[in-house]
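Undergrad: Structure below; questions to follow.
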Amino acid sequence: MAPLPLPSASTISTTAISGVHVVKLSGYSHAKQLLGTGECVESTVFKAAGHSWRVKVYPNGALEECGPGSIALFLALAGGKSKADTPVTFDRVERDWGFEDEGLGGKLEDPEYLNDDAILIRCDITVLNDPTVERRDLEALDTLQEDKTPPAMTRPSASTITVTASAGCHVLKVSGYSRTKLLTGNGNHIKSAEFKEAGHKWRIRCYPDGAHEETAGHVALYLELAGESTDVHAKFQFNLVPHGQLTSAPHSGRVISDRVIFGSKCADNCFGFKDFMARGELEKSEYLKDDCLYIRCDIIALNKPVVKLHDPDTLLELLCCCSDDLCKNIHAPDKMEDEAYGKPRRCLGLTEMLLSCLPIPMKPSQDPLFHTEYSRL
């Protein structure tokens, strides 16, 4: 019998590359207040583990069923739903993965997580390289040594997302109130001149006999975005101001309870109150004097987020919350990697920063607007 031929042999070697990116989100309270469920801010594009990415932060959760205090974090492959430690595949169909709802009970109230209205988000990424396939001699197969060289530690990258809001106030004087009753029927309105506040142009609409049939006998007030097609996330408040107190802070009024979006998806770019005040009540109040009244409108509008990619050499400066003037001397550059990888000095406050971004309830001082219902024309 002829001897059996020696079998052939080959190897498959799998390797992976890792990277770390830290995102600092400043102005968290503005994002929480003026973005709705399913709306996000995105980091700038950064490179880690051999690919380009973005981090998406949903301050109020990604899904409608997300409860209060929810926040969502997603990693998106730039250029285009599982737990963060579960292997996933980024491709042409699924270009982003992450946490849809991280409601963790208001732990961001702890200064360890929230400082100066900013939170830190760390993203650790490991990407599987294409396997290396080689043909080998059978005799050499058992002698092949596994490469046990530890992977080189890459310096973490960092970026910032800065969310800001602009605030403004406008006072409208309506003279000849009694003559507004000459407008026949409800649904008719008078309109203010165009004014610019909170970074945008607006008008106030006043309906002396209500905006809809069911609210006849009421004064209706609406805020209109003038001449813009871009989306504007905003909150606003109407107050009637007593005569002689135009510079005083408002003490009562009606306010949109949630942020509204003026823009391309609104047929008339107008939101407000169809039954702001009964006419009989207004005509007996201190607000109507000498046949005129003053309407004050306070507006808060979200500015376009500013995103920036930082040089690795500035990472400690970005993360450190310490107010000590000697901070740069305390944090020697050669300790940067240890601190970013989970061995921070005390003032960095990164002990629990393996990144679940944690939600925070709105502080009263951060939300000057109180709750009520609103309507759209």
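Each residue, glycine too, has its Cβ placed from N, Cα and C.
Annotations for this protein, taken from TrEMBL, read as follows:
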type   : residues : note
DOMAIN : 18-125   : domain 'MATH'
DOMAIN : 167-299  : domain 'MATH'
Undergrad: What counts of helix, strand and coil residues does DSSP assign across the domain 'MATH' (167-299)?
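TA: Computed counts for the domain 'MATH' (167-299) are 14 helix, 63 strand, 56 coil.
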Undergrad: Return the average pLDDT for the domain 'MATH' (167-299) as a whole number.
TA: 87
